[in-house]
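> Dropping the structure in here first, questions after.
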Amino acid sequence: MIATLKFTTLLLAVVVCWATQDYGYKDVEEPTLGDSQYGSLWPLPQKVQMSTVAFKLSGASFQIVDAKESSSGASCSLLQNAYRRYDEYIFPISRMQGQNKKKAFASDVSELQVWITSADSECDSYPSVTSDESYELSVDSPVAVLKAPKVWGALRGLETFSQLVYDDEYGAKSINRTEIQDFPRFAHRGLLLDTSRHFLPIKVILANLEAMAWNKFNVFHWHIVDDHSFPYMSRTFPQLSQQGAYHPYTHVYTPSDVKMIIEFARLRGIRVVSEFDTPGHTQSWGKGQKDLLTPCYSGTSPSGSFGPVNPILNTTYDFMTMFFKEVSTVFPDAYIHLGGDEVDFSCWKSNPDIQKFMAQQGFGTDYSKLESFYIQRCVASVRHGLKVKQMISNSLKSNTVVHVWMGNKFEEELQKVTGAGFTTILSAPWYLDYISYGQDWQRYYKVEPLSFNGTDAQKKLVVGGEACLWGEFVDATNLTPRLWPRASAVGERLWSDKDVKDTNDAYSRLIQHRCRMVQRGIPAEPLFTGYCAHEYKGV
Ligand SMILES: *[C@@H]1O[C@H](CO)[C@@H](O)[C@H](O)[C@H]1NC(C)=O
Ligand SMILES: *[C@@H]1O[C@H](CO)[C@@H](O)[C@H](O)[C@H]1NC(C)=O
Ligand SMILES: *[C@@H]1O[C@H](CO)[C@@H](O)[C@H](O)[C@H]1NC(C)=O
């Protein structure tokens with residue numbers, strides 16, 4: 001009798017719980033889960049032919065080696081580094097436990113030969129927007145061959161190879177006979193991380209660079225400073241981080257930190273594009289650099305607060321010239337992102353000296369002309385600049401790239417910006433800091449960057465895009481799971497063919513890709529209910 005009563009209570013509790021779970025559930029669009037004919041490949045290569053002929057791989061006898069014909073030679077440390085990395089990804093358990101080599105079975109595929117085909121492998125170069133990332137992969141027995149003109153394609157191909165390896169039903173490493181020809185659809189596939197609103201420890205940045213490589217991203221857009229803090233330690237102006245960082249020693253990136261991040265990224269074929277946003281978003285700069293910011297007025301006297309960079313002082317441009325000279329030597333990439341968005345004109349308007357300058361220049365009351373004046377003088381001191389959409393009315397240098405961010409109507413913006421002849425990168429639909437209930441990866445996935453009205457010539461000007469994770473609500477505790485696998489959706493959109501848009505197929509591959517990231521040590525969040533064979537074990 002008592003037992004029955006207990007049972008009833010339990011049942012009631014279950015029903016109540018069920019009812020609660022139903023709340024807010026309507027928005028979830030649940031794709032059908034089946035097996036993809038492409039296994040767990042992510043992003044999907046341009047051309048894949050996979051067979052059901054399966055080969056065994058043994059950690060004891062399988063090796064990744066330079067092909068004899070390869071132009072890279074054995075001295076290419078970028079490749080040697082990558083071989084070691086991928087060997088560990090492919091055989092995580094056996095390598096960790098130091099499995100006895102003698103005991104293991106022989107591999108059907110004994111070698112992956114990596115063959116760099118062009119005379120200059122670019123082993124010691126930095127990747128750029130024109131880097132060749134194409135490769136061809138042929139998996140057969142007894143050898144698999146990865147051919148690429150440059151090391152950049154070899155890196156992408158090694159990742160693809162590692163994604164082809166799976167555990168068969170007995171847990172043995174297997175790989176199917178496969179032919180792949182691959183290259184990216186867009187040359188610029190970026191991820192923006194924000195280290196100003198919250199400081200991100202080096203370890204977190206490196207872990208995410210690693211995850212970027214798994215998703216074939218090739219640009220780390222480092223939004224390094226902003227209003228909130230100035231963690232970049234400048235050699236020329238050390239007081240900027242002394243005064244402007246959250247903490248002058250523990251919350252800064254030293255020159256050697258920056259160097260290490262750039263090299264770590266290079267070894268994975270990732271560019272580091274630094275952003276130093278001006279004239280707005282510069283409160284933290286003002287702490288360490290006297291007279292850089294515009295004093296705001298309340299009536300006829302200074303209010304004690306400061307606005308954007310002061311565009312009417314020659315000292316401003318002297319400072320910017322020296323500062324960006326340093327930045328362009330620290331960051332080897334050809335591009336520096338100059339921000340330039342969301343300038344609040346109210347402080348400029350309040351300042352009588354600025355008003356006088358406006359009148360002298362004949363700007364009337366159009367403060368966007370003052371902004372343009374600043375940007376043009378500033379750009380003159382920087383090699384190349386990436387700039388935001390608001391700046392398109394300016395006569396910018398031809399080597400300027402316009403970055404379209406914010407706004408719901410990105411198609412209209414792209415139409416305008418490319419219509420004006422600017423090379424463009426897109427971020428507006430990929431603000432990963434906006435979170436919502438359900439599978440929002442699908443929303444990012446379904447974006448078609450070239451859906452705007454424009455000529456073929458205009459569409460060619462869109463060189464890629466960036467997923468952005470702004471840092472208001474993000475630090476080391478939640479960055480990685482918030483980013484992955486949501487950013488993976490953008491990764492495939494920017495790499496794979498435009499016709500790769502079957503959400504059900506993507507869902508099946510992405511679930512496995514996410515579990516692979518988890519197995520490789522990244523706490524990538526789940527897409528929905530389910531499990532991974534190797535769950536996240538914590539740090
Ligand atoms: C690989 O081969 C196995 C064994 O024939 C087969 O069951 C599986 O579907 C194949 N995988 C892919 C992705 O083709
Ligand atoms: C600022 O620089 C401009 C252009 O080089 C020059 O014409 C002007 O005299 C300078 N103003 C001051 C106050 O030095
Ligand atoms: C493209 O132009 C057509 C005709 O002017 C218009 O109906 C359509 O909404 C436009 N599409 C986009 C994405 O702007």
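Glycine residues also receive a Cβ, built from the backbone N, Cα and C atoms like all the rest.
So TrEMBL has the following annotated:
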type	residues	note
ACT_SITE	E342	active site, proton donor
DISULFID	C76-C123	disulfide bond
DISULFID	C296-C347	disulfide bond
DISULFID	C515-C532	disulfide bond
DOMAIN	41-164	domain 'Beta-hexosaminidase eukaryotic type N-terminal'
DOMAIN	186-497	domain 'Glycoside hydrolase family 20 catalytic'
SIGNAL	1-19	signal peptide
> How many helix, strand and coil residues does the domain 'Beta-hexosaminidase eukaryotic type N-terminal' (41-164) contain under DSSP?
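Tallied per class, the domain 'Beta-hexosaminidase eukaryotic type N-terminal' (41-164) gives 33 helix, 31 strand, 60 coil.
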> By CA distance, which of the recorded positions (C76, C296, E342) lies nearest to C515 (disulfide bond)?
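Result: the closest of the recorded positions to C515 (disulfide bond) is C76.
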> Which of these disulfide-bonded residues is closest to C347 (disulfide bond) if you go by CA atoms: C76, C123, C532?
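Result: the closest of the disulfide-bonded residues to C347 (disulfide bond) is C123.
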> My understanding is the cutoff is Cβ-Cβ under 8 Å with a sequence separation of 6 or more in the same chain; which residues meet that for C532 (disulfide bond)?
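Within the chain, C532 (disulfide bond) has Cβ neighbours under 8 Å at R514, C515, V518, Q519.
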> In this structure, which of the recorded positions C76, C123, C296, E342, C515 has the fewest other Cβ atoms within 10 Å of its Cβ?
E342
> Looking only at C-alpha atoms, tell me how far C123 (disulfide bond) is from C296 (disulfide bond), rounded to the nearest Å.
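Roughly 51 Å, rounded to the nearest whole number.
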> Helix, strand or coil at C515 (disulfide bond), per DSSP?
helix
> Which whole-number mean pLDDT does the model give the domain 'Beta-hexosaminidase eukaryotic type N-terminal' (41-164)?
91
> In whole Å, how far does the CA atom of the residue listed as 'active site, proton donor' lie from that of C296 (disulfide bond)?
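With the alpha carbons as reference points, the distance is 17 Å.
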